[in-house]
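A short write-up of the structure that comes next.
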Amino acid sequence: MIAKLLLQNTITTAGMGALLFACAGTMHWPAAWVFLATCALLGPLCGWWLYRVDPALLAERLRPVLQKDQPAADKAFMIVFVIAMLAWLATMGLDRRTQSSDMPVALQALGLVLFVLSTLFILWVFRENSFAAPVVKLQAERAQRVVSTGPYAHVRHPMYSGMILFFAGVPLLLGSWWGLAIAPVIVVLFAVRIGIEERTLREGLPGYSDYMTRVRYRLLPGVW
């Protein structure tokens, strides 16, 4: 399992690097190297932690993003999401090529902090929810239940809340105002995914409708 984790993390990091540098037209991009080095470091560290804490969840997280028992709507979402991610990374690379963004170093440092904070927040989500699969599906074989502790006591989809920090932090770190401007589009995609997920859980997971009544907010407390 660890070997699979390392392989996936290496391929993902190398793929992101290739796309960023190809679109930028240069490998002389210190912020991109910081981003990629952070990904290369955090991926194995977080995976090792999850392997020690919840190996069943790690095994689930390493499964493909398109699965047989996944709703068709979620399969379509994953395809659109991957395309949006690639376009987002390419835009930041092109932004670097044209030198159209002038990001203060302090904001780039803030971006790195947000990136790390998003990772820590998502680890908290994993700690509380052993059923945080990468795809929408019911997990009867793992005796899935409603989780309402930790961040789930405040919002119904805290992993997406943590990912907002990621999509705000990375463009700041890479010095791309265009990347930051596009990030809200990906957050809108999260809203679509939340609808798919809640429909599936409401129909198939006992107690989820009651949980929705108790915890009103989906993504941001007091907002939505």
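If you go along the chain as it appears here, the first residue is 1 and each next one adds 1.
Using the three backbone atoms N, Cα and C, a Cβ is placed for every residue, glycine included.
Taken from TrEMBL, the feature transmembrane segment covers 6-24, 31-51, 76-94, 106-126, 164-192.
Under 8 Å from some Cβ of the transmembrane segment (31-51) lie the Cβ atoms of residues 1-2, 5-6, 9-10, 12-13, 16-17, 20-21, 24, 57-58, 61, 96, 108, 112, 115-116, 119, 123, 126, 170, 173-175, all in the same chain and six or more residues away from its ends. The list of residues near the transmembrane segment (164-192) in space but at least 6 beyond its ends in sequence, with Cβ under 8 angstroms from a Cβ of it, reads 20, 31-32, 34-35, 77, 80-81, 84-85, 87-88, 91-92, 94-96, 100-103, 107-108, 110-115, 117-119, 121, 157, 218-219.
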